[in-house]
Amino acid sequence: MNKLKSVLVNICRLLLAVTFIFSGFVKSIDPLGTQYKIGDYLQAAGLAGRVPEWIQLILSIALSGAEFTLGVLLLLAIRRRLVSKLSFVLMLGMTAITLWLTIGNPIQDCGCFGDAIHLSNSQTFIKNLILLGAAIIVMRSPLYQVRFISKINQWIATYFTMAFIVVVSLLSLYHLPLFDFRPYYIGQNIKKGMEIPKGAKQTKYKTTFICTKNGVQKEFDENNYPYNDSAWVFVDTKQEILEQGYEPPIHDFSITNEATGEDITEQILTKDGYTFLLIAPFLEVAEDKNFGDIEGVYEYAKEYGYDFYGLTSSTDKARKHWRDITGAEYPFYTTDGTTLKTIIRSNPGLVLLYKGTIINKWNHNDIPKIEQLNAPLSLLSIGREPESNTWKKILTIVLCYLLPLILLIIADRFWAWTKWVQKREEWIKEKEKWLIHKEQKNKLYQLLKRKRHMRKKIVAGNWKMNETLQEGIALAKEINDALKADKPNCDVVICTPFIHLASIAKELDMKLVGLGAQNCADKEKGAYTGEVSAAMVKSTGAEYVILGHSERRQYYGETAEILKEKVQLALANGLKIIFCCGETLEEREANKQNEVVKAELENSIFNLSEAEWKNIILAYEPIWAIGTGKTASADQAEEMLAYIRSIVADKYGKEIAAETSILYGGSCKASNAPELFSKPNIDGGLIGGASLKAADFKGIIDAWKK
């Protein structure tokens, strides 16, 4: 009897384990898809908009990871009592949810197996009832489960599994899902995927017409509709599916030119050649850090005569904003947002078609670099459909997960971990000694670091020609409130368009946020239409002004002599100057960056006295990194700022050079700011596009707290 009971318990345990592992894994490799499904559930429960998307994403990774881990723990019989109870609780909750889905049908597909397997709500409910029964059997007799790993070291498999599945989710989020179960997979011809085979069963509908007459509402079908009684007024219509017919894998794909109302789906899908599609379901929240790579692909497409279209469901306002911040010139057409999210798990993402067939897809983090695009697509590997590598992926997963896990189990059985732990403890002691030795050797570095803290740390935002007055005031308030709630560890300055200055000055706590202009005239006053004098800037309440920015030099022909006059007038009116310098890509490639930067400083500001110099903040902005998404590496930036400090020391002495704040400008973001700001000669940043979003700007400011 006990033997039969043991067999039954272990069969149920294996059934649960395999289901949890498969279900958790297929959802973990598509964290965005799982997030979308969580959003569907929240909407069905009347909670739409109440849970932020980033929390939904965390829940997606956590829930799928927990399900996968629970399956592995069941498979290996780890923490048998606890895990069997958790399995029962999970299945009880899942069964209750699918009962709700079966009765109310608020969601067509429960998503229990992601996009890998689709079940109806009733099928899912039956499946969950079976698994709930299995969970009850296992929970009632947990100790009948056969162990595969010793109790003392079962934590090894637990933590390894948790780490593995989280890494899988993060890799799939940063790139694309490891396996694509959706109908828009590589190799799919979209047009063929939309076709209904000849003789396929057609869906049958019942159409009901709702009409009113003398305040009375009544429903009619096609047979008794009151065609001859004009007193009945049509109100609405509804359709009910009587019998489901064949539905093609792709049934919701269309592309519309909003400007003309023309459906251009057929035109794009029948194009005899290559077509790039930039998929951006919602431009309002699209990631814009890699727009330089996108622009590179667009320029490549123009050069070789390939079509390049943007597909989005966003409004004209969002499209205009995207063009403003990225400089995009490619056209945007309209496609349903859900369809776009199904095509590619990236916002934005890039899809390459050849005669309507998907031959490649890229997350925005993996978009081909311009260096790769050096020939027609027919000659490049990215222009050909990659070979199917499903088995290679499966083998990689086996090697990355199963093989290490098996080795750990074998090592556990031979008690190899005891020796490993002992060696690890010895290694920790040796490392502690090494760290002490290293700390003693780095006294000089620590001293220099303390001296660095004597200089002002500054994060300055340059809004450039962005934001209306109302938008600017709102953004300034948001930045001010954020810093009031969480005090910064550095000076913060925002440099706005001139028309904003006086209004924004009233909204800012100047102890928290300094205010600056982006330019001032090289004349004191007079008949200079359109110019703004330094005195005018000062009168608004501003304390800073940006001078020498590369865009002013390039677009408005500002020379060293003009800048010299502007500097003198700004100082005379009590303004602090953020003076910019930097080289072009051609100058850097010719190794002339030091020569260029030195000349820009010598010709415009090295005529100042030591007293005047105290109101100068320098900003190094490599022109090739401004607004391109490219960034000088932290080491490149440190090398240039150290050089700039050295030429200031040559002119004014080491003490003044040590007190001069030097900022880095050029695609600085919250992600790279901590590394940049950790360098001894980088005292902050002059921030462009990232200063137009309070959260992004605050993220850079907070880099000084790390």
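Note: Cβ is positioned from N, Cα and C throughout, glycine not excepted.
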Transmembrane segment per TrEMBL sits at which of 54-76, 399-421?
54-76
Mean pLDDT over the domain 'Methylamine utilisation protein MauE' (6-138): what is the value?
89
Most Cβ pairs under 8 Å with the transmembrane segment (54-76), selected from 7-26, 88-105, 125-143, 155-176:
7-26
Distance from His549 (active site, electrophile) back to Gly689 (substrate binding site), taken between C-alpha atoms, in Å:
15
Residue counts in helix (H, G, I), strand (E, B) and coil for the domain 'Methylamine utilisation protein MauE' (6-138), per DSSP?
104 helix, 0 strand, 29 coil
Count, for each of the binding-site residues Asn462, Ser667, the other C-beta atoms lying within 10 angstroms of its own C-beta, and report the residue with the smallest count.
Ser667
Could you give the Cα-Cα distance between Ser667 (substrate binding site) and Glu621 (active site, proton acceptor), in whole Å?
9
